[in-house]
Amino acid sequence: MSEDITTPSRQDTVTQPAIPRSRTDLLRSGFGRNLGLVVALVLLCLVGIATAGDTFATGANVLTILRLAAVIGVVSVGMTFVITGGGIDLSVGAMVALASVWATTLATQQLAADYHWIFMVSTALAVGAACGLVNGLLVAYGKIVPFVATLAMLASARGLAEIISDRKTQIITVGSFEDFFGGSLIGVPVLVWIFLLVAAAGWVLLNRTTFGRRTFAVGGNAEAARLAGIKVQRHTVALYVLAGLCCGIAAVMLMARTTTGSSTHGQLYELDAIAAVVIGGTLLSGGRGTIVGTVFGVLIFTTLNNVFTLNNLSISAQSVARGAIIVVAVLLQQRLARRTTGT
Amino acid sequence: MTDLLNMMGIVKEFPGVRALDGVDLDVRAGEVHCLLGQNGAGKSTLIRVLTGAHQPDAGMIRINDEPVQLNSPTAAIQRGIAAIYQELDLVPDLTVAENIFLGHEPSRYGFSRIHEANTKARAILQGLGHAEIPTHRTVGSLPAAGQQVVSMARALSRDARLIVMDEPSAVLDPEEVSNLFRVIRGLTDRGVAVVYISHRLEEIREIGDRVTVLKDGATVATGLDARQTPTKELIQLMTGRSIEYVFPPRTEVRAAAPVVLEVVDLSRPGEFAGIGFEVRAGEILGLAGLVGSGRSEVLETVYGARRAATGFVRVDGAVLRPGRVQDAVKAGVGLAPEERKSQALLLDEAVFKNITVSTLGRFASTGFLNNRAEREAASKLAVALDVRPAGVDQPVRNLSGGNQQKVVLARWLLRDCRVLLLDEPTRGVDVGARSEIYALIRELASNGVAIVLVSSEVPEVLGLSDRVVVLREGRAVHTGPAQEIDEHQVLDLVMEGSI
Amino acid sequence: MSRSSARTLVIAGLSVVALAACTSNTPKAEEDSGNKPAEQAAVKNDEPGKKVKIGFSAPAADHGWMGAITKATQAEAKKYSDVELVVAEGTNDVNLQISQVETFINQKVDAIVLLPFDGAALTPVATKAMEAGITVVNVDREFDSPFAARTTILGDNHGMGVSAGTYVCQQLKDKKDAVVAEIAGIDSLPLTQDRSKGFKEALADCGLKVSNRVAAEFTVESGEKAAANLLQAAPKIDAIWNHDDDQGVGVMAAIKNSGRKEFFVVGGAGSANVMRDIKSGSSLLKATVIYPSTQGADGVRLARLLVQKKALGDLVEVEVPRTVQLYAPVVTKDNVDQYLPTAFES
């Protein structure tokens, strides 16, 4: 509650925001919300420079971090949409696995070898989108809780991947595919470009389009959105398809990185993606989401990983640090949220 | 007579806002003390301080002349202070008895004693004059009035000496309200003090003993006689202005005006049956009836939020597909639902986004939103409707009830609605803002919108509408011009089914 | 980092003194291995040379054998004052493991010892490391390109199956209709397929076949589940070969629960637990087939030799061989004492 409510001052300077810009307003703004993440990332980098300066602060290492971030980053962008829309998708890792396997079957590869690698890419995207469609239909029209519906997809998509691949690693023999996705453009790996493109497209979609606005509405208050005339069910389906599509893209990226498709790809990506989304500032209950925050979340985790590797520290210690970061980030967010909502 | 509770000079600040600025409140044992004030005057904050949810920055609280610190809700409960909130804080899936004893279940060695809880709960409910509420039913299956009684029983089970009731009548029918008043009288006879918050002056006249008026976070008057103090004076104290509900003058609905909304033989089993009416452009049709008479259900069915079993709805001659909100919206129907916060608003989103949410397509080319055009259109409406505080970038949560309602209306105005369905448009709207909403609704009508109005306040329906339909148990028992019927006749109709 | 490398130096120094005349793979066998023929050459190789920085990456240590690999590797590295080991241990996410190797390349390590989660998936990045002039030693799970590693150290998965099959044949030589069951590991891994193939071939040699086959996932829990299913499916069994001693803990639990005793069990990999059971003689476990958990340690040694351009001890050839395949011996009550010291604790 601000004072303007209780003192009805009859000013007609309506077009100007009447509330003075205060500290809380600054924290509210997009910049302020991400400030904490920027600080965290900078701190991490400082630690990296201090402990492994000679190798950390090199262009090659930065690219290594970005390449690692790229795959999980694309998955996390899709996850941001689903979570902002009030859902959750536990099946992203399994969808990555299934898409990678389907896109590297002998038949698909033959097609790609005969014509163009685009067949492998479109297969992966189609498989991802189709899985997302199933998720979305189950959630929106089957009225199954997202947690359960996508849990079912998690199990069955990975199972299907194992059946198709016969639990064998499928090696990619299409040279043109490897050449394109393994290459670089202006010194930056193609994979990193894809990540940047997906993140930028995701930002525009979420913040500058009717689709994005409706996503906030559906996630913030589904009933209000429905009564405002938004096609809530159809929109929900679209969100899961989007997440699946992102998984398809991630599968292509992972295929390029490993030159394989495998039912073991993408293990625990759901947890990595949710962690990145949450520390980025997207509300797990829906209605608030930020792509920039998600990208920072992914970068924080991958940089953390890099710093630990450079310092010869074990993955177990890193897991502890990850957990601590998640808790601290969420605690901080809650404090900010409390401050900005006043009473 | 000594005071049970003294609050002196209570100050509470939130970042950027001084919500309470020196509030005094004295409550005696066995009285109903009414707390009056507009939305934002500080009533809710004061209650939160009293129940230990907020810590005051300055001031003193004394109970029975003994200074106390209410550091937490638990501390307040231990001091005998209980609160019954607008949104009841009951667990819907637990039974009545379990709810009453939630947090202090009768138990032995850690095993809860269900039988004992049931017996005790029954005794308390009997004391409240509601022995008919079964203690083993889940609370969620009780009507609102029953839930309220359970809430009170819970307070009593903790030996509360002071019970705060925040707008308890808002969810009740007239009959249930008189029941509630009987219960309150029973409590005060036992020496329990009640702090009663309500927007309805007539209730305060009926149940209150003394009145304290808050304005802008400070006490402007206290110890007023609830029955004798003139209404004008109370409103003056609350608003600093002296206005009562003012209904705008009716404008003549032209007989040649086209019928915009046509409802034919609409039914939903168990809710209502055979409902039919027509609304012309520029006309306001009022639906009067008790809670449970089916009035909100009719409105939601017209809108397509519920699927009609039989009958149909025509807008401008075209039949709407049943159960399809999007079709209704496309045909130019808008709904301002009863539960504004949960059904209409995106509380954490900016005002302008709430206004444009049903019209996004207009501000987009190939899906990309033009933020500036959107803001400008919303701003124009916000100015026209005098939404305060001004500025369309703040979250709707910061607005008072009346201003939130204006935002909902603005949403449909922006869409150039042909039909507007208003469900309890002034619930939770303070006295000052009501007249503005009334004027706004009338203005909409004179611009050619067909309006259907549902309200539990009979004077509102009669004062604002051109024609009324009176509903009783899901059936229309009377249809006619609003001027030809008065409040008593409507009450007779809704209770007895005839005048 | 500097502190840990100082510690490494001290420990390595002490080890060198203690190991002065030692060629054994393991510290425990030091005392009685003083007079082996390889002594001279080995001592020469052990002398500190050019400083070697080695990066090591392996899948998550969610398995006793895998844990032992990392431990043995670290222990081995500490013995050499001229080896600095950078460990990026433990991940089953190929994306992450690839980035670990990329980090090693950025750090300009001299050699990388790599036990890939998935050999094929790590091939491109290993090739990249080789192209960057880094000596890559591939351990256990093979790359699918000869250009991805200078040297590959492999256990003998096929040989494991053969050894286990041969042992079962010896025990059941008079029973032509004997029921032999097999509890495999993760079916998707080539190593599992190799083991099963060898087992089948060896059994076929003496006219036996695998009557029942189930697959577990190298974990205790999965072993229990698979064995319980197997025991349900086969009312009478004469011999069981279980691919992996880690999942074997679960397998033995399931057998104990069923109360059945009509068969004997052959293990795989060779954990210390299983060897102690074999030694006791009272268990249904009569033998196990070793799959050495010191491959990573061998990898470090070879990587060091390669970088320092030294030859392998007893070979006349001046270059370290391209492939080293370790042997898969059968451990029984008679020879268990010989293998117990190098066994891994699961």
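A Cβ is built for glycine as well, from the same backbone N, Cα and C atoms used for every other residue.
Features reported for this protein in TrEMBL:
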type: TRANSMEM; residues: A:35-53; note: transmembrane segment
type: TRANSMEM; residues: A:65-84; note: transmembrane segment
type: TRANSMEM; residues: A:90-108; note: transmembrane segment
type: TRANSMEM; residues: A:115-138; note: transmembrane segment
type: TRANSMEM; residues: A:144-164; note: transmembrane segment
type: TRANSMEM; residues: A:185-206; note: transmembrane segment
type: TRANSMEM; residues: A:237-256; note: transmembrane segment
type: TRANSMEM; residues: A:268-301; note: transmembrane segment
Winner by Cβ pairs under 8 Å against the transmembrane segment (A:65-84), considering only A:35-53, A:115-138, A:144-164, A:237-256, A:268-301: A:268-301
Closest-packing stretch to the transmembrane segment (A:237-256), where packing means Cβ pairs under 8 Å, from A:35-53, A:115-138, A:185-206, A:268-301: A:115-138
Highest-contact recorded stretch vs the transmembrane segment (A:268-301), from A:35-53, A:115-138, A:144-164, A:185-206, CB pairs under 8 Å: A:35-53
Contact set, same chain, for the transmembrane segment (A:185-206): CB under 8 Å, 6 or more residues outside the stretch: 63, 66-67, 69-71, 73-74, 77-78, 80-81, 84, 212, 215, 246, 249, 253, 256-257, 289-292, 294-295
Intrachain neighbours beyond the transmembrane segment (A:35-53), with Cβ under 8 angstroms and 6 or more residues off its ends: 27, 279-281, 293, 296-297, 299-300, 303-304, 306-307, 310-311, 325, 329, 332, 336
